[in-house]
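All remarks here apply to the structure that follows.
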Number of protein chains: 6
Amino acid sequence: MARADGRSPDQLRPVTITRGWLAHAEGSVLVEFGGTRVLCAASVQDSVPRWRRGSGQGWVTAEYAMLPRATNTRNDRESVRGKIGGRTHEISRLIGRSLRACVDYKALGENSVIIDCDVLQADGGTRTAAITGAYVALADAVAWMRARKMCAGDPLIGSVAAVSVGVVGSTPMLDLCYTEDVAAETDMNVVMTGSGEFVEVQGTAEGKPFDRDALNELLDLGIAGCSELTRMQREALA
Amino acid sequence: MARADGRSPDQLRPVTITRGWLAHAEGSVLVEFGGTRVLCAASVQDSVPRWRRGSGQGWVTAEYAMLPRATNTRNDRESVRGKIGGRTHEISRLIGRSLRACVDYKALGENSVIIDCDVLQADGGTRTAAITGAYVALADAVAWMRARKMCAGDPLIGSVAAVSVGVVGSTPMLDLCYTEDVAAETDMNVVMTGSGEFVEVQGTAEGKPFDRDALNELLDLGIAGCSELTRMQREALA
Amino acid sequence: MARADGRSPDQLRPVTITRGWLAHAEGSVLVEFGGTRVLCAASVQDSVPRWRRGSGQGWVTAEYAMLPRATNTRNDRESVRGKIGGRTHEISRLIGRSLRACVDYKALGENSVIIDCDVLQADGGTRTAAITGAYVALADAVAWMRARKMCAGDPLIGSVAAVSVGVVGSTPMLDLCYTEDVAAETDMNVVMTGSGEFVEVQGTAEGKPFDRDALNELLDLGIAGCSELTRMQREALA
Amino acid sequence: MARADGRSPDQLRPVTITRGWLAHAEGSVLVEFGGTRVLCAASVQDSVPRWRRGSGQGWVTAEYAMLPRATNTRNDRESVRGKIGGRTHEISRLIGRSLRACVDYKALGENSVIIDCDVLQADGGTRTAAITGAYVALADAVAWMRARKMCAGDPLIGSVAAVSVGVVGSTPMLDLCYTEDVAAETDMNVVMTGSGEFVEVQGTAEGKPFDRDALNELLDLGIAGCSELTRMQREALA
Amino acid sequence: MARADGRSPDQLRPVTITRGWLAHAEGSVLVEFGGTRVLCAASVQDSVPRWRRGSGQGWVTAEYAMLPRATNTRNDRESVRGKIGGRTHEISRLIGRSLRACVDYKALGENSVIIDCDVLQADGGTRTAAITGAYVALADAVAWMRARKMCAGDPLIGSVAAVSVGVVGSTPMLDLCYTEDVAAETDMNVVMTGSGEFVEVQGTAEGKPFDRDALNELLDLGIAGCSELTRMQREALA
Amino acid sequence: MARADGRSPDQLRPVTITRGWLAHAEGSVLVEFGGTRVLCAASVQDSVPRWRRGSGQGWVTAEYAMLPRATNTRNDRESVRGKIGGRTHEISRLIGRSLRACVDYKALGENSVIIDCDVLQADGGTRTAAITGAYVALADAVAWMRARKMCAGDPLIGSVAAVSVGVVGSTPMLDLCYTEDVAAETDMNVVMTGSGEFVEVQGTAEGKPFDRDALNELLDLGIAGCSELTRMQREALA
């Protein structure tokens, strides 16, 4: 079965990772998965949240948001509505959790890194693109800190990448674009470390429930996709 | 390895499903998984959200919340803080998505069912207990509607149950209580239909990433647990 | 004139006071006045609000809320609407004020007790049921504190109970249920100490203004009702 | 016992009722009780709230607020804090309820009157001064409507006035100023119709509970005070 | 061309500046420009905002608001809507900025003055009337502070006054009333020091863009108007 | 006097206007003034705000915001804080007002164009860069509408460009970067039509008041700068 853009089912869209896109941030990356474009900015702060003070340990967190016209029709700003929606909350939490899987809080010392992931343009898979780009921004921010002797050892104990997979028209596929995502019967996000272990697996039946075989096929695709993204992250950081 | 309450790793806590706990709601259930106690109230409305009007189709949604003293230390009310937290949003969305997997919107007609899941007491697994109880409340509300000829056919095309599983001290375990949940290296929520298919699988590395073997062991436990909960739901509804 | 449930005008509904309904709270009571069911949870904190610090004195406060489906038709959550309504504010303030009438702040020391009163099911008189139950939860919390030597002497200098009275179809009645409350021409809440003095008297003309005779008849009923409730509180605490 | 300003216990402060203080409002009154100064503006709208539409009946409501520097120390604006406090809610509801006691909704037709009561300067008794002044502003707004034939008959079926009373140093007193209010053991607000019946009676034990004799003495003072205020309202409107 | 109230184009409306209108505030002014009536209350606080602490310098800020019925039709309260509108924000910032132009922070010491400008009645030019009145209230508050030796020298290094000008029907005019303001093609606010220098110039094309000649004519009018208002401020403070 | 980047006082920074930066928006521009980078997205809607319906006229509005790490230190998101700050409100209003100066509402028909101006990176002059870029995005959106015959004639009756000017170290300068802006004694934003008339002039004394000569020198610089920006807009749209 042919995909809209001619890809094979197990093929990623063209991915680009542009480091240093912003002048001020300690780490910044413009990550693109096809038409999905996310700006990831890592900000270093020499303090930690109140509940963490005095622990000798650091903290890493993330905030996700979309510009109003990242999508096909304009969405109202959450700042104007006066509150953050459930989807935004959910994705911000997922990105933060994913990044923390590769961080040694002790080595980080009592410092924080906040990663802002702002979707400039959306075409499916924004949360997984954000995680993949945010890791690179985090790595740059950590390098910045180490150059300034802010850390005791290396706070990065691995890397993290993520990709979406799904079943579209009975075919399991890697890295869904928006039109595929909308048509998917099952949708899964896979977050993995560079060494091939799972950080997060979130599979959701959109149209109808899925069986264990489908789950396994999707995991296979996700593992292969994350492995390739890990390679790209390494190249970008080289 | 012994669990705090003497259960074997693949054993559920004592589960009770009390129907009709409230006088006013069209369906209501007090569901208990050990010390976790969730009140599920299903409210029928003969209208649908604005974006659904004129479609001839119904809608099912859920709202999750905790009483301030459901937990060991008191939490401030979200109504007093003036906004809903990320965790609350995330769980409300999960419950709604899970319930919708067993609903035929056409048969429901232009009616809505809102399921309020209020945690009266929390001891781990509140979201999966909520899903398990909410399904029974939904079934009662649907029966109430059918007795009033509000539906065209049966809007329930299956059942849904959910359970948490996790790896604690290297041992995969079913239905974690709070102290186990806090100690878990990996945490997974499994939502399944009564016919044994997945509706939602959410696995999260809490302490360290997990490999595919661990994922499979947790799925085995979750499948067995959901199967037993499905049996209990049927008994309760008999 | 017969009442819907066969009571005489000066008769309370069946009242039950169940202590220890929650595992975590320092004091907890499920109080029922007929179909009205309120869960009262007392939380002890070893601190006081900012404006009270350094005074050597404690503080007692209360928060009242209703579950969305406590009532005949569902109410939106105040957390979702993003703000607390006027009625909720008013009742929370009334409960707090009433409880503070029996507290010796000095003996309490710089500790706080917060009483959460959540209406699980509503059938009229929720605020007065809440006060009556909250006092018992407060007494249990104070006993818990004294067992831990947190207080200097006994912080409870008396007890507090409350009941609603009203004129329905020209007849003054005690302890109105919802249908009576809706039909009442005059509505009054009476809060009294165990020794028979007034803490709060709030009489409101719903349909038409009332004269001093009606006021006096309602007070007579309220005094008798509070006296009986005080006896029940003592039995529950015995 | 002498009062700070030399009044006898049963004496009102100098009261002035200035009509037409604002150019735009359909009715407006600057009411002063000694140093307490409240601006009451009645706005007529030829519509009713959504829940009232099609009933053929009108609506009257009120909003109370204080300017930040009405008091001895500055209070933050509720608009800046982003929410209305409990006290403001409670008083707005009281004023609206009190005014509605003298309104015939049918005669009002499907029109609304909103009475804004803004405290320009506070020296005790702001809520009762607001009710007393708001009635006069309402009467002017109703006259304005009748001149335009908006009503079917007279929507005003009586008048409403209010005053505060309290026990200060064991002496029952009428119309407490701020320093008396702060020192009061018992505080009561009495709202009465021009024909001498009660609309609202709210007695609160501030320092210690009160007995029925004290309640009766306060009611006597309140009745006399409201009677005098009713006379002043009539003079102002003559 | 005749103006609605018979003024010549370069003529101010009758201006009154009434000091000491409030009993509690350290400085208070009721300022009137024709039908525009603004109450300005200056509150002294012996502290500064967090970001200013330890600097040895003070702070002056302002908050602007309108009563709901200051205008011809009633506006909802910003406190009820739960947020401050853009216009309110903009004007509050303008007033604060303008007043700070005549303040020596060092001489003020670590004290704050907050000027609340509440529009009781609006008939055009409320923001410029507010600035003109607020300066006088500030001067009184500073005198109050100096009498208490709270300042090191004179914190007032000049005075500030403001006026609106605009082009109406091709004629440049001074001090627009509401009907003129609505009809204006160009609208400008001019804020000046007592020594004749500009603090703020804000010109806006309402209907059509304006050329440099129009700009110069408006500035000429504004300069003359501010000069006259400065004289009135001096008289009021004499 | 040399500027930090070697420019002469009357020289703009390098300006680039990149059209079509986004795939979904009807008009989109990435505008850069040196290090200031603003993404302007124009969204067309075939409806107007409620107050405009049935008028046969269209509407143009704008929303301005900054990404959290656009600046040297991170700013909290306004969506997270739950409200829009005064500065954001003020700039959004300025951009909308400026754009509306070149729009014929009648020709636009009952359609709206919303221009989102999101600052990706800030180095001074973000509001004037936003206006300059937003006009080009608006022109593209209008062309898109005309190609679809949504308009009756040409809704664009001119063009609009804007630039900041200021006095730094006694020298009037064009197009201030951030470090110059912070050091400026006087700051002015000039918005002009392509035909050389003023739309908005906002001059603010930051450090000390300014006289009419300074005002005139700043206007001269602003006029020249806007003229050059108008030329660049034409080239970009050619």
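From the backbone N, Cα and C atoms, a Cβ is placed for every residue, glycine too.
What TrEMBL says about this one:
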DOMAIN    B:11-141  domain 'Exoribonuclease phosphorolytic'
BINDING   B:Arg87, B:Gly125, B:Thr126, B:Arg127  phosphate binding site
DOMAIN    B:159-224  domain 'Exoribonuclease phosphorolytic'
Least surrounded among the binding-site residues, given as B:Arg87, B:Arg127, when other CB atoms within 10 Å are counted: B:Arg87
Intrachain C-beta neighbours of B:Gly125 (phosphate binding site), sequence separation six or more, cut-off 8 angstroms: B:Phe33, B:Thr36, B:Val163, B:Ser164, B:Asp175, B:Leu176, B:Cys177, B:Asp181
Neighbour tally for B:Thr126 (phosphate binding site), based on other Cβ positions within 10 Å of its Cβ: 26
Cα-Cα distance maximum in Å, computed over every pair in B:Arg87, B:Gly125, B:Thr126, B:Arg127 that the record assigns to phosphate: 13
DSSP helix/strand/coil residue counts for the domain 'Exoribonuclease phosphorolytic' (B:159-224): 19 helix, 30 strand, 17 coil
Cβ-centroid neighbours of phosphate site B:Arg87, B:Gly125, B:Thr126, B:Arg127, 8 Å, sequence order: B:Tyr64, B:Ile91, B:Val119, B:Ala122, B:Gly124, B:Thr128, B:Ala129, B:Ala130, B:Ser164
Local confidence of the domain 'Exoribonuclease phosphorolytic' (B:159-224) - pLDDT mean: 96
Structural state census, the domain 'Exoribonuclease phosphorolytic' (B:11-141) (DSSP three-state): 42 helix, 41 strand, 48 coil
